[in-house]
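TrEMBL has this to say about the protein:
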COMPBIAS  1024-1044  compositional bias 'Basic residues'
DOMAIN    313-449  domain 'RCK N-terminal'
DOMAIN    732-872  domain 'RCK N-terminal'
REGION    997-1051  region 'Disordered'
TRANSMEM  78-97  transmembrane segment
TRANSMEM  117-141  transmembrane segment
TRANSMEM  153-173  transmembrane segment
TRANSMEM  213-231  transmembrane segment
TRANSMEM  272-295  transmembrane segment
């Protein structure tokens, strides 16, 4: 039989109590719980059969009204609860109205004084209660009558009601004592049932914690009330205590205080107290145990985010499969870095139990008041309701990148996104996906970040634009630019201050920065805004267009309604502007360059998110005036050329751009070039994409696809007989990618390196070093790209590395392997990658190695040198910055600053920033080349050579680029020499040679060819190295004196052993392996060492920043397809190379 407490549909709205007695045909038709109609068709007749699941009887209607229906049952139980409370109240009234009895006779226990009206009320309550109890017992009857009779509530009801009913027929029993106070337990029972019915009626699941607390409180109150009434009645033959004295005695007794001033005197009262204490010792611990268990479970699973809070407060929901402390802190620090988000609450919905470290962090007052942790699944509507997902301002769904099966992790993310979209269609979704082929399943999300797309695109750009990964990471992190300001190193101060630059937006007509440039060209606005305010305008968006254009070029005219995107230390709304008046001229130090070319220093003061910017003189000047002209040099007869001004409206004849639709290398090709260089390349869209959702990119392609056999680098076929990279005779150096599998994300590594705006003569051959052979679908996608090969091997094997051409490669990209991401200890997931890269670093010191790690904290182990004093100093600096609360404490690690290592987890902040800056993902995709929009520029770089040092400052370079090619510089990648050298174990200089050359050094051998603006000591042999040489010289002179040839032989052996350094041993090992494999050792650079240099990025440096030799300038170059070139000489201009002598002469005006 179906359980009577099970849920059934509610009664019809028109259903009333009279329908129980009179019946209603219309209601009876509605009472059919389920009707199944079967029609049997035949040529002669048609039969309809109806099946009823419930009997349509009077008993069933009563059962439906009193028990099954939630709302009517709730009303019945509420009425019953009120009756029990009324009976207890009548008992208290009877005790208070009763006059104290005289004497200590036992009859006082059995007989009481009860007035007639009070007796009438108690009889009425008893009749109603007994009738209700009998009726419910009848309706609940299941075939065993003793089960109904022996129930404790039924027994208590009989004890409290039957004596009053008997007294109706036997008036002498009207004053008989009846323990009516026991109705408090029936009231408790009715309250529990009423709460259950209430929760069922409103169809909400109340916390079990609330129910258990309610049961505990009601149990404790019932025990105290029973003890009070029992002792007061039994002491009628003793001290004759009143209710207050009995209450005092019970409280003192149950609290184990026991003053002893009030004590029971009669043995019945003493026995009753003993019984009540025994009951309390049994019942209360059970209740407390259940309460403690539920409390612990609640602490594990979290509570509920109340509907009232959701409607009055703002909150976002973070859905993750497993919550790690690093992920949590990155999210909280980045999310709450914005002032407008300080009032938001973060509700974390995670299916796993809270981690110990996470629990400890969430107990910090700063986070405990803002973060709510709920253990639950996003696939359950019940848990989404607990998190109030329908009222959330946003939902962030993050993938678990530490799983071996990343596809399975994406599937879980997709289901979570679908569940949230189904439950709360209006809630904005911010989704992180791992595999690009799964991206089309969540196109409905407002913002999507595909990890492998961004990862491989950044790794690719790192090969042609150094440290692109560091540039993007610093741009998407929120910082005030205070990092490194207390460091004694000048480069750390500059690097830390410039790292505070971020991308902001503002409407042009509302801006102080750009309002005056309405109707003028984009390059004019970008240059003059940087010259005047120190901000870098990088892109715009029309009001009626959703596409963002990065550097649309000089032909773009600014409108008042355009949205401007700029790079600055803070947004304009938080900036204060101060004009430099004549009265302050005396306080301004004289510039190094006199005359009209002098550029005042821009003071940028960052203080709690507010920047004070000193405005330059805004008076009108002649357009042809010598504002940035170079002063004449007396030592030279000829004056160097000046820089043309940036025109307000573009003059197409003065803009020199690249004709990238033509072949730049055809005119420069010579007859003796290799056959591979004379191949005809076409420009177009790749005919085959390995996954759905990839953005089409205009690329260099082959006219015919390469056979799959020719893509294998180390295997000869019928088309070629090459078996190693050296045999191909490539003109440009290789780019090698070491990965575990050829996933679809690797396609995004090839596309940016084969984009149409990269000159053909600068295309680097790409070699994929894969642990597992690629599938046919991937080969179909890459066989159309020129000079793309693959090889099955591993970076663990030196032979595989040599065959794929690592000895003459320009860059080696090491991708973190998926199989090592799930280690027993989280931070050990990078162990294999770090050790392999360290081996490459020692074997091939001149090789530029770019590494991806899972955890940013492991960057300190890259190119690890245990006794390097400079690395130890940087480690201390990192700890100090972390103590100051910096979110970018790892930024001063040399491998990260140089762009040689990055972690994809550092890009998680890109998704978090999109909540405030919804354009950040689009801008990042444009910078990385993942999206191409007609009219939008692309990221490239140029190198400062000796011929370019005449430009002198960053502001003059800005003007030079804007006036000649329309490029917009956004930063500088600078390389310097370290003040401190490496450890003593790495010093490998011959003692005699050092002694001979210590007094006469060739300045051409110095690492820095011109004075560095950030270091005062550029000595090639600092104090540490000098002491090491002195120690080695003394050691070689000491020792016992030997006679004749023996002493000379020992001395020679010592010198030979000293000359044989560790580097030479490693170089000899590599050469031996190359000879064994039949490879030529020509070109193997064994002693080129860049370990004593440091590189860093200056994002949007101040206009007066001095340019230095070998600086790499990041440029956003306008789309060459947006306009056609006007001169044949423009075809010679390179896109991403340094400005040589010829190109400098071409851009002169």
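Glycine residues also receive a Cβ, built from the backbone N, Cα and C atoms like all the rest.
Any TrEMBL annotation is an automated prediction that lacks curation.
Note that the structure is a prediction, hence the values are computed from the model and not measured.
Mean pLDDT across the domain 'RCK N-terminal' (732-872) comes to 85 in this model. Contact between the transmembrane segment (213-231) and the transmembrane segment (272-295) is present: at least three CB pairs lie under 8 Å, with pairs separated by 6 or more positions in sequence. Tertiary proximity for the transmembrane segment (272-295) is limited to same-chain residues at least six positions away from its ends with a CB under 8 Å from its CB atoms, namely 208-209, 212-213, 215-216, 219-220, 223, 226-227, 230-231, 234, 253-254, 264. Beyond the ends of the transmembrane segment (78-97), by six or more residues, the same chain brings 112, 114-115, 118, 121-122, 125-126, 128-129, 132, 160, 180-181, 183-184, 186-187, 190-191, 194, 225, 229, 232, 243 to within a C-beta distance below 8 angstroms of the stretch. Residues 87, 119, 122-123, 126-127, 129-130, 133, 137, 179-180, 182-183, 185-186, 189 of the same chain lie 6+ residues outside the transmembrane segment (153-173) yet bring a C-beta within less than 8 angstroms of a C-beta in it.
Secondary structure of the domain 'RCK N-terminal' (313-449) per DSSP, as helix, strand and coil residue counts: 59 helix, 30 strand, 48 coil.
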